[in-house]
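Pulled from Swiss-Prot:
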type: TRANSMEM; residues: 13-33; note: transmembrane segment
type: TRANSMEM; residues: 42-62; note: transmembrane segment
type: TRANSMEM; residues: 70-90; note: transmembrane segment
type: TRANSMEM; residues: 97-117; note: transmembrane segment
type: TRANSMEM; residues: 135-155; note: transmembrane segment
type: TRANSMEM; residues: 212-232; note: transmembrane segment
type: TRANSMEM; residues: 242-262; note: transmembrane segment
type: TRANSMEM; residues: 276-296; note: transmembrane segment
Amino acid sequence: MILITLEHILTQIYFSFILVITLVFGGTLVYPVNKLSNSVKKGIIFPFFCITLNLIIRWFYSRHLPLSNLYESLMFFSWNFCLIPFFIDIKNPNTQWIGVITAPSALFTHAFATLILPIEMQQSQRLIPALQSHWLIMHVTIIFLGYVTLLCGSLSSIALLAINLEKKLSFFTLYFRKEYSYENKRKAFHPYSFKNFRKSQMIHQIDNLSYYTIVIGFTFLTIGILSGAVWANEAWGSYWSWDPKEIWALITWLIFANYIHIRLNKGWEGNKPALVASLGLFFVWICYFGVNILGIGFHSYGWFL
């Protein structure tokens, strides 16, 4: 009872802090302040500690990795969204955009798990015999890291497309406004103006962030699929059974393999590969969440209504 109470307290603390961090990150988009952004990036350490302790407590009293139902998988998903920025900061320590993407994602998944799912689905359940294996920790952890990192890369690509679209709309709007003189238009569209230079820098940064996160996520997804195949062979005597989750995982893998191919071999950057990565967002969510809603297959957590 004490552990369950502590778990609920940590859940509320985590939600409160991640909500504040999300709002602050949103504010830095409108009013960029580097010192504030850096402080918020460091501030995510505390909610990450809270949700980590939350999962450890649930692991302790349930006697297994907390992934027995949809609620626990969503909480684990939220934990992964808090973990990803630490990976990205190793390669790109000055990247502000990753927090803008991961904080709302962590908030959304946590809010859905705690506020939308019924109470009975939030209770810990016993693992079925096939899942009582050491492979559970490796396979599920790796595959979830793959899902979350790919989602971050896809969301970065959507942000890139949105910024480029806004840039084009601003161009046409300003160009056809009669009250603007030729000199003002020339300054506004000059590629070396401070505003355009800053926006171009941002686009380049987001493009690189998207590529970097997708490469990491693709690696995790590949390892996760391979480890899952080995586990399936041990549990059911077959490496591949065309389970709905397996099919959608393969489709997702092919989508992002195509993205990496056109980036590396064709040298495409900007909108074209971003469109492919944006499409991947749909397939990742179907692979994870859609199969669970259907409530079919070995990997389903069941219908939640």
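The backbone N, Cα and C atoms fix where each Cβ goes, and this holds for glycine too.
Sequence-distant neighbours of the transmembrane segment (97-117) (same chain, 6+ residues past either end, Cβ-Cβ under 8 Å): 11, 14-15, 18-19, 21-22, 25-26, 28-29, 37, 40-41, 44, 47, 51, 70-71, 74-75, 77-78, 81-82, 84-85, 88-89, 148, 151-152, 155-156, 159, 205-206, 209, 213, 304.
Remote same-chain partners of the transmembrane segment (242-262), defined as residues 6 or more beyond its termini with a Cβ less than 8 Å from a stretch Cβ, comprise 143, 150, 214-215, 217-218, 221-222, 224-225, 228, 268, 272-273, 276-277, 279-280, 283-284, 286-287, 290-291, 294, 296-300.
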